[in-house]
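Features reported for this protein in TrEMBL:
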- 45-67: transmembrane segment (TRANSMEM)
- 79-102: transmembrane segment (TRANSMEM)
- 80-190: domain 'Phosphatidic acid phosphatase type 2/haloperoxidase' (DOMAIN)
- 122-139: transmembrane segment (TRANSMEM)
- 146-163: transmembrane segment (TRANSMEM)
- 175-193: transmembrane segment (TRANSMEM)
- 213-232: transmembrane segment (TRANSMEM)
């Protein structure tokens, strides 16, 4: 069964890798999803996912692996220890080699500055490999409720992968391939653990000894949890926030660039559908000057799309109430969502009928 599962995921990985090399549909989906997530950035969610993504970095994985090793040692499940470290070492080596082979650049929308290549996601691979193998051990040894461990494992793996997407540190195919690499190494670890056999264990039947081991286990969990938290909140990349600016550098005038096709004449939706053509060019000395020009013409600056503003807009649309500065849908021009969004209400209409205007920075 393990062999068939391994072959299935190996074939899945090969298919995804070929899609990337051949620039198949998954590559276009990568770009569109990155664009969409960029348009819905929220400071609170950025901070939350920055903490979540730290759980998948190598320092946190090592801390959790050391804690798992200590628990296996204390409870005399030591035959799993070599397999655990085989999984982690093999996974890391594989991810490093694949990054160098594919050399895929990261998204232009990345929240944090990263020095390594994008494909595959090391965070996703590491958390998948570690969590799946540890879940296998817990289920194999009948420790606690199986469904609980499976849900915890799936939730943690999903959240770390989602954090890499939301922060635009990776494309969707990077995360999916990272998952597959992690699963392959977790299965390899299961093979190794089953082949090497579980070492003979001393049955701990005396109540005082079991109580002592439980206290030791509680201390291991507490210390490792504190260590992981310190690693996550001090995650170096959270100190290197890089907010990308959607700017285009030109060697000619904007009008000439549009005529020559250097700049696209039409905007696009999130899925690449052509939208309205570029219809107006405003020259302003800085952002404040542009805001003054547009607001003086009777337009209002649209709110940024956050959880609060989107929720408020949904309620306003449902109840047909007014929301003069509701966030507007991101539209893309030259691959970037708008830098500025403005709107003007239609008399006697609610949120459903409004005029929208979007502007992009183009330094001249």
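Note that Cβ sites are derived from N, Cα and C of the backbone, with glycine treated the same way.
Not measured: the values here are computed from a predicted model.
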Same-chain residues near the transmembrane segment (45-67), Cβ under 8 Å, at least 6 residues beyond its ends: 84-85, 88, 92, 111-112, 122-124, 126-127, 130, 156, 159-160, 162-164, 166-167, 169, 220-221, 223-224, 227-228, 231-233, 235, 237-238, 307
Same-chain residue ranges lying at least 6 outside the transmembrane segment (213-232) that approach it to Cβ under 8 Å: 51, 54-55, 57, 59-60, 63-64, 66-67, 70-71, 74-75, 204
